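Undergrad: Please see the structure below; I have some questions.
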Amino acid sequence: MQRRGALFGMPGGSGSRKMAAGDIGELLVPHMPTIRVPRSGDRVYKNECAFSYDSPNSEGGLYVCMNTFLAFGREHVERHFRKTGQSVYMHLKRHVREKVRGASGGALPKRRNSKMFLDLDTDDDLNSDDYEYEDEAKLVIFPDHYEIALPNIEELPALVTIACDAVLSSKSPYRKQDPDTWENELPVSKYANNLTQLDNGVRIPPSGWKCARCDLRENLWLNLTDGSVLCGKWFFDSSGGNGHALEHYRDTGYPLAVKLGTITPDGADVYSFQEEEAVLDPHLAKHLAHFGIDMLHMHGTENGLQDNDIKPRVSEWEVIQETGTKLKPMYGPGYTGLKNLGNSCYLSSVMQAIFSIPEFQRAYVGNLPRIFDYSPLDPTQDFNTQMTKLGHGLLSGQYSKPPVKSELIEQVMKEEHKPQQNGISPRMFKAFVSKSHPEFSSNRQQDAQEFFLHLVNLVERNRIGSENPSDVFRFLVEERIQCCQTRKVRYTERVDYLMQLPVAMEAATNKDELIAYELTRREAESNRRPLPELVRAKIPFSACLQAFSEPENVDDFWSSALQAKSAGVKTSRFASFPEYLVVQIKKFTFGLDWVPKKFDVSVDMPDLLDINHLRARGLQPGEEELPDISPPIVIPDDSKDRLMTQLIDPSDIDESSVMQLAEMGFPLEACRKAVYFTGNMGAEVAFNWIVVHMEEPDFAEPLTMPGYGGAASAGASVFGATGLDNQPPEETVAIITSMGFHRNQAIQALRATNSNLERALDWIFSHPEFEEDSDFVIEMENNANANIVSEAKPEGPRVKDGSGMYELFAFISHMGTSTMSGHYVCHIKKEGRWVIYNDHKVCASERPPKDLGYMYFYRRIPS
């Protein structure tokens, strides 16, 4: 055993002294209660630091806590020691040495390396014929940094030896992430083999889906028992849905649903409501065929098109990746690549673009000491810690260094030299941000746009105090709907984070070339001749912008003026312009045969973008607003009884749901109220309540019981319901709105019944045709908006409005036929030049293909 201060740059590192077995045992006695043997289910981190991308390959090695089994690099192990008092760590180090050369100058014959025992990936950039690995393990005792070499059966207590062996033999908590093996991590649903499917004649079209209970047209799930199409859960950015798919399961007990838009020949995203997780359905093709979706035909069709499709799209791959061009590798801060974990390029491209934005750099990397110091005991399960870790890894330059002796090698090898690319592996980050998500937890390719919105949700949910970097993307969209029959209008606003531009194929400027190409291609196919060179449709950006601003028909529009369904027309404008504008070109669609298709187009995206002409103007002179009346509510006969049973006694609050919400960072009392007012329906439903009410002044106030039945009048004085303004108690309003009724309905019903909850519910059921008091509603909304503004003052405006003039600074491109396949790369303009980020490879771009992008990132030009 030796005391090695040299590990930490301390003197005396070369000295060592042998100690008797009794001395080692005596040294470990105070720490024995803290040394654990890993149990089944314990995650043992041996490959990567929780705060950095240090590994056993790093210069300082890796320290594994023998109690928590978390790993830390040399720079961060002291922080964990100070925070937890854990003193015993296993130090792991892998040495890479050049093999001894033979007399002829070549390497000696390759021998089995008996000194490799760590479960680590080898460096693909090192020739195994020239280099060999040697792994080293030691116990280190803090704070004096005593070292005990391993193995040491003779001197170590039996418990310590068992614990060390268990740590060394444990597998990584992250399985080998490739498309084939990751899929096996999803369990097969126990309902798949004997799933009941109703013979109700339902057939699902390949497009035009809409939730059966609301007007949402995204995040839709097909129930595999009865063919119902319903929306998923709600997210911060107003995407997601109203949770009707889950409600349908609770009403019917039909357990399995598949997400529309994810169905490919290789599978789809299937969720089991009963099992509460993403699952595999081995009979998915049969279950989908029941509703007219023929996956086997899709597979045959894709294979039939494969030979014809791949060749034309080779040029797309070559152009976007700048194949055939000698690209200069880039190193240093901001030029770090991300290794591909197996179809993780969508994540890598989005994160490279995100951390090129100063607001995200400041929020995370700028707050690194504070975030790391106040991280939870398990930092691998904390979003802000992992975002900061990733941001530091990308921006520090610590993991993007030129290869050793690169200048000398380049002189000797010239153009034959292949530069070494370091890069970092986002395995821990991906595992955290994708957990419990049916799409991103798989290792199939995903849509970069969907991941961008998912990331924004997480940033919103885990914002650091008053700082919310995703504010730079947020903007307000004004939607104007006009009743075609009465010509009256309604103006509403919603929050969004990106601008979706349709592809105006009819505006292609090379139609004659496209027609000639299509004729030649078909002739070549029929005669089995080589296909002609691809002709790509050239679409003016102005045409896409025009298509975005044109009116669109609204299906199933309910006119409050007619109090009936009518034809409606909707136009969208910007009520505010964001600091950073994200533009998505909607290149993907489905054919009538359910095969995902991609518009292979070239859009002349501008470097400078002016959208000031799309600024919303609100109600115009001469326009008459539609009455503010909600459509009548159709309620099943048993709904009242079922809803009343949701009211629970405070002593029966589900504390497990409360703790789940509290672990997300919400105030404990707010979590208790959320679970209570949603009738113990679970953490997910309670989370939605929190989102709706988190801006209210009494959000974190303790739970106080509203009145029930005859006790309502007694409770009214507590909540101020009998005040001069007849304001209903907010808690009672929350109970009714949590049942699915509109807030305005709840207020009107409570005012009409002196805030008696039971009578208010009776009033709602007996007055489905009631008209809301518009003046009161407007006053309430103004008060709510005033509260939001006053709450937002410390953190700045929630919407960063300004000029609509922008300049392009990044874009993400997709290669392939579908978002569920292919590859993503990112181009970012840094220091006046374009740089391509292609997984772990970072190079100066010679010809950035700005016309072939999928997502574009613009920053506002200061006026």
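Including glycine, each Cβ sits where the backbone N, Cα and C put it.
Per Swiss-Prot, the features are:
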type: ACT_SITE; residues: HIS823; note: active site, proton acceptor
type: BINDING; residues: CYS211, CYS214, CYS231, HIS244; note: Zn(2+) binding site
type: DOMAIN; residues: 336-861; note: domain 'USP'
type: DOMAIN; residues: 652-693; note: domain 'UBA 1'
type: DOMAIN; residues: 727-767; note: domain 'UBA 2'
type: ZN_FING; residues: 187-295; note: zinc finger
Undergrad: Looking at the recorded positions HIS244, HIS823, which sits with the largest number of other Cβ atoms within 10 Å of its Cβ?
TA: HIS244
Undergrad: Do you know the mean pLDDT across the zinc finger (187-295)?
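TA: Summarising the zinc finger (187-295) by its mean pLDDT gives 85.
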Undergrad: Which three-state DSSP class does HIS244 (Zn(2+) binding site) fall into?
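TA: Reduced to three states, the DSSP call for HIS244 (Zn(2+) binding site) is helix.
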Undergrad: Looking at the binding-site residues CYS214, CYS231, HIS244, which has the shortest Cα distance to HIS823 (active site, proton acceptor)?
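TA: Result for HIS823 (active site, proton acceptor): the nearest of the binding-site residues is CYS231.
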Undergrad: Taking every protein chain in this structure into account, which of the binding-site residues CYS211, CYS214 has the most other Cβ atoms within 10 Å of its Cβ?
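TA: Top count of Cβ atoms within 10 Å goes to CYS211.
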Undergrad: In the same chain, outside CYS211, CYS214, CYS231, HIS244, whose C-beta lies within 8 angstroms of the Cβ mean position for the Zn(2+) site?
TA: ALA212, ARG213, ASP215, LEU216, LEU220, LEU230, GLY241, ASN242, GLY243, ALA245
Undergrad: Counting each residue once, how many in the domain 'UBA 1' (652-693) are helix, strand and coil under DSSP?
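TA: Residue counts in helix, strand and coil order: 30 helix, 0 strand, 12 coil.
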